[in-house]
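Enquirer: Next up is a structure, given as structure tokens.
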Amino acid sequence: MALEIDAKNAAAAATGDGGAPGKAKAKENKSNSNSNNNNVPAAGEKNLVNGSSAATKKKGKKNRNKSPPQQDVSAAGAALSNGHAEKASVNGDAADANANVLDKKVEEEGATAAAGATEAAAEVGSSGDGGAATEGEAAASGEDVDLDALHDVGITVNISSPGADVLSVQLSSMELVQEIHQLLMDREETCHRTCFSLQLDNVTLDNFAELKTIEGLEQGSTIRVVEEPYTMREARIHVRHVRDLLKNLDPADAYNGIDCTSLTYLITITQGDLLDKKRTRPDSVDCTPPDYVIPGVREPPLLPLHPNIKNAKGPQALKVLTTSAWNPPPGPRKLHGDLMYLYVVTMEDKRFHISACSKGFYINQSTDECFNPKPDNPSHLSHSLIDLLSHISPSFRRAFQTIQKRRTMRHAFERVATPYQVYQWSAPQLEHTVDAIRAEDAFSSKLGYEEHIPGQTRDWNEELQTTRELPRKTLPERLLRERAIFKVHGDFVTAATRGAMAVIDGNVLAINPGEDPKMQMFIWNNIFFSLGFDVRDHYKELGGDHAAFVAPRYDLHGVRVYNAVDIEGLYTLGTVVIDYRGYRVTAQSIIPGILEREQEQSVVYGSIDFGKTVLSHPKYLELLRLAGKHLKILPHSVLNERDEPVELCSSVECKGIIGNDGRHYILDLLRTFPPDVNFLKLQDVQLSKELTDMGFPIEHRHKLCCLRQELLEAFIEDRYVTFIRIAAVHLQQLNAKKQAEKELPSITEKQEEPEKEQAEKSSAEQPEKEKEKEKDKEDEQKESKPSPTETKSAEAMVNAIREAQSNVAVSNEVQAAEVVKRACAAVGSLKEKEFDFRFNPDVFSPGIRHVDSPESGAQSLAKQKRLVQDAAEFLVLKQIPAFIKEHMAHSSPPIDGQSLTESLHSHGINVRYLGKVIKMLSQMPRMDYLHRIAILELIVRATKHIYYTYMQSTEPLHLSAAISHFLNCLLTTGPVNPAVSSEEVHKKQSRNNGGKHNKHNKSNKSGKPQSTSAAAATQNGHSSTAANGSANSAANTASTSGNSNYDWTLVTPRSLWQQIRKEIKSYWNWELDCDSIESACAKYGLLRISLLRAFCLKVGIQVLLREYNFESKHKPTFGDDDIVNVFPVVKHISPRATDAYNFYTTGQAKIQQGLLKEGYELISEALNLLNNVFGAMHQENGSCLRMLARLSYLLGDAQDALAIQQRAVIMSERVNGIDHPSTILEYTHLSLYSFANGHVGMSLKLLYRARYLLVLVCGEDHPEVALIDSNISLILHALGEYELSLRFIEHALKLNLKYFGNKAMHVAVSYHLMARIQSCMGDFRSALNNEKETYSIYKSQLGEKHDKTRESAECLRLLTHEAVALQRKMNDIYSNGKLTSDLPPIHITPPSMGSVLEMLNTINGILFVHISQKDIVKVRSQIEKHLKTSDESGPNDDNEVTAALKTFVAAINYNDTEQPKEGSEVEGATATQLTNGSEDSTTTVSS
């Protein structure tokens, strides 16, 4: 195995062709092994049917019988990764099948994690049985799927291992031999073997050969596992693998943020796999909710966030397993075959020294004091260390068997590594044990990979650029390319994060060590690192440190959009921005040759001094002009230092450098998009009265404010719709005028008649023209929805206008051109006769001298400026109101600051407008929850600015004390006593008072903006933050060298909240009307635990998992020991799977058309492609799983929905976080499907978990809480827990009344549920009153004849009857003065589970409309009769209706051929999914 891994790394280092240790390929290749092997599941695992349940397989059979080509595309998923692996092996990526082993650790770990990835990929890889798009659909969406090339053949082989039963495995013929290695290392019987070869007929198989290429391999062949001699390297791999097996259940790595491990608690909460559960009877369910879940909790506790942590670790097999101090073997022992020595302490407290030799492992006679390498007597040599330890320790043998059983019982998704590290903001106190391998990783392995790649470290730039150069013409090529890009990018992010932490921790030597620490730059592992400071006054005119701090983020945005455009021949740098310990670090790949020359010699395009000197280059103009068409960037000319015009197709700061490899690189993309004039005070710009009345322009602390790409797209779309409308109006007028002129000579008698005819003609033509307008509008919207690379070009827009002109029969081209000219002038087009909306990013840049070219038209520069101003005005006057209006329906309400920020960004609204958003929200009571979330986010962001400042002024010795003190000042009003003696503070301050401020001012004031050529190429905005003027002095004293002070000890709760108020006012222009945490909580309804969570995630703090008393008046809430860790906050660009995205969007379109089954198949294929690109574990995979689960449920397969949604929950917990908003949403969906499958108790537990997480994140006052409470109440009602049920529904009703109003359908349902519960409790009077409210709402909203209104009326009648009967009996009692013996008991009939499920579906936005077969036949006959009549009568004006009817008939006919299976929820039915606020909440109709 050593040779294979070394071969892989050598090839990767040599070529860079996707050869990086990666995440995906081991998962993908191995997934096909298991997905094709339904008869032989991995050890201890249940049989996974192609990533779905057996129900999915049945459904897949139907689809395959109907459409054979789909099966071939499904096979593509299995075949692709193996075919690519072979192709990659030629290109130097030979061992990608083993990439997962090397990716998450060094390869000595063995393949345990990769084998876990195998099963996970098998689970998700072909969910829905690979239902693919047909060839026609693929072609329609631009796919060029070569089904023949993706054809695959299965083969069954027997594997014979020493000491184990013969194993029969079904594999793909395109699998690599290496896949069998992975499979064996994951199985319980063979997992302890790492050093072995596979032989067929005594011939050793090449690990990187495909099975179909092996001579003599046929169905039923037996492959033997042969133990191989150890080398030093193989022995280390084996020891590391044993260590990983022993700590497999230990969550310590997930809490510590190591090796891309992360947490999931679903299986803990459900106490096992939901698919293995049996249906529960309602009377056997324990439904008592925890106290912290019942409505009315003031502050949710923290401990339930991590349930059952005491039992998570598993049994301990050994006390110590470490390398011996007798290492390395002396010369004489090397000649006897000794490789290394180990030291073991067993649970029986026996100590052993173990020798590793080429034959295996044995006990030697050494002690701690005496070296005696001879074998112990009696000697016992084992090829596996596990066998030896089992022989000498019975406790080890028992514990190891238990660990293995629990390991193999875990869900496959719990074992596979995530693509990026997910950090936990709270963690328990972890036991720190002896671990030599952990110590070796921390100190011996400096770069992580250099001892594994012969001759050199990884050339990140070469790998990143080579993967982008891979061919992309066919689907297999694109999948290979995207997988390679994703693998290398993931490794680069991991390495950059590790390097940035090492830089801040002081473990990397600077390339300019003699300069001020703020000015130092670093190169580590072929990555360039720069700190976030304005070191050379580079940003002096733009805001200094403030500008330098945000510049890397804007640069990252620029890299993202240029990567998305993906112009062949145009290259960007690998870029990652890391915030760690208060510092911002930018990590970038290095352009070849940049370190060998000066900056002036390197840059051939752009400017290095903000426009004083400007260069251009024909090749860059060609490439950037192509990119600019998609990004709406206007080519423009500026004057250089010699007053010569220079053409640019980007901002002037964008630099072009041709590397020694001949590639054309662009960097410094911080001004890719135009500036935001609302936050710039410019002399020659006058904003509109509406904006000035709102307080704009606001002078921001830096001048790099840019508009977002999403805003520009929305703005252009809005202007295009206006342009079409104006053009249509003018064309109508011309046409009407022309018609009137025609008719005028023939009319001589009546003067009124021409007017009448003209009016009639205009009105007759109006619908047709309106259709044209709507059609153009829909086309534009359709074009504007995809990525920026698919935005409609200006030429296409003009063609659409010309087509509209011809459709309305305007023959006079001169007049038509005049119409277009007027419309262009009205909307502000840059060209007089074309719709042209592009933006000049330099139009307001200071110091730039523009050339107002005559060919662009008169006043072109003024038009460009006006366009940028209009876009900024559009943001404030249209986009912000549209954002608020969209959330008024509460269809997908943000839950925390992160989801709020994402929603703002999707509308093109920058976070700096959050103050303005809050002002508008404050006037809307129904948006109270969003107002509160926005204020919380504002406080957290302002506090982050201040926190960074103080962290920079804190020396490492006092980090935990400083952080805990800061949290005390932020979240409490009790005593805050810094854990530093006052004597030490005064001593340090008096020592530092003299010269610390002067040192910062020793910056080199030379003309060059950078100190080295590396910096010239890469550093362009990496600076520290400063919270406000009063805080800046602390930042100026900070350095990474330890020249720190104790300013943080002077912070008090009062001073901190004063700084927060100032920061919010200066940055967001909003007044925070409170000066302490208590007043903030009282005024805005904030929860301290929510603020703690949000702040820790924002800045990277991990606190101890315990209950915190925030209102303690006697001792500080946080102590030094409560700060467990500090982790990095990483920003990077996530690569995209374009083909999978196309399949997904096509599937969504099918769903919106009501074709649920076709949509299901397309999204299943999207999931297969995502699994090929990203591996088994990724956020986008989770979105596909959620959609597939919902579709399965709508199609009547609740069991399949449960299986898929369970995987979606685990995936969301692992890749997003255990308390992420998406995870909460997944839990609520899973609870519904659990109930539908009869798991009533589990459904309640899942809802309790979702409610706890939701309240922890945002508090009880939220529309989503109302939804969850309604679900809980309904299920408790079904179980007879009426009092508990009433508490939840009362809270839900209160929230629904607040957020939806008195007449909303949500409120009607809540009143109805409350009436049902109260009637069961015998409170008929209250029930009657509540049902009256329901009836009133239904009557006003739906009318008296609606079914819901009639049902409510019938319910009122029954309740009235029961209430009268009960009152009559009570009156008898009162009149007689005593109880009568014949008073009948109140008969309470609990609702059936079917009726409860129906109501649950209604609450969650799912409505099943049942249609009998007789109804379908009747409807079909009526529609066909109508169609026949319309055909006989000739052309029908109502073409759309006719087409819709034909589609409906086809759908009914389709449904007749494929009826849902028995027991399904929808039998020959139409399933309508109403809006439910989730991503997949689209109104759909499926026959």
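Including glycine, each Cβ sits where the backbone N, Cα and C put it.
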Enquirer: Of 110-140, 141-171, 823-853, which range does Swiss-Prot call region 'Disordered'?
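Expert: Matching range for region 'Disordered': 110-140.
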Enquirer: Report, as numbers and ranges, every residue of the chain located at least six residues beyond the repeat 'TPR 3' (1301-1334) whose Cβ falls under 8 Å of a Cβ in that stretch; write 'none' if there are none.
Expert: 926, 1266, 1270, 1273-1274, 1277, 1282-1283, 1285-1286, 1289-1290, 1292-1293, 1340-1341, 1348, 1352, 1355-1356, 1359-1360, 1362-1363, 1366, 1386, 1388, 1390-1391, 1399, 1402-1403
Enquirer: Checking distant contacts: for the repeat 'TPR 2' (1266-1299), what same-chain residues at least six beyond its ends satisfy Cβ-Cβ under 8 A?
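Expert: Same-chain residues near the repeat 'TPR 2' (1266-1299) but 6 or more away: 282, 285, 287-289, 294-296, 890, 925-926, 928-929, 1228, 1231-1232, 1235, 1240, 1243-1244, 1247-1248, 1250-1251, 1254, 1260, 1306-1307, 1309-1311, 1313-1314, 1316-1318, 1320-1321, 1390-1391, 1393, 1396, 1399-1400, 1403-1404, 1477.
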Enquirer: When DSSP states are grouped into helix, strand and coil, how many residues of the repeat 'TPR 3' (1301-1334) land in each?
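Expert: Across the repeat 'TPR 3' (1301-1334), the residues distribute as 27 helix, 0 strand, 7 coil.
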Enquirer: On the DSSP side of things, how many residues of the repeat 'TPR 1' (1140-1173) fall into helix, strand and coil, could you say?
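Expert: Going by DSSP assignments, the repeat 'TPR 1' (1140-1173) contains 31 helix, 0 strand, 3 coil.
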Enquirer: Can you break down the repeat 'TPR 2' (1266-1299) into helix, strand and coil residue counts using DSSP?
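Expert: Secondary-structure composition of the repeat 'TPR 2' (1266-1299): 31 helix, 0 strand, 3 coil.
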Enquirer: Taking all residues of the domain 'Clu' (438-680) together, what is their mean pLDDT?
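Expert: It averages 89.
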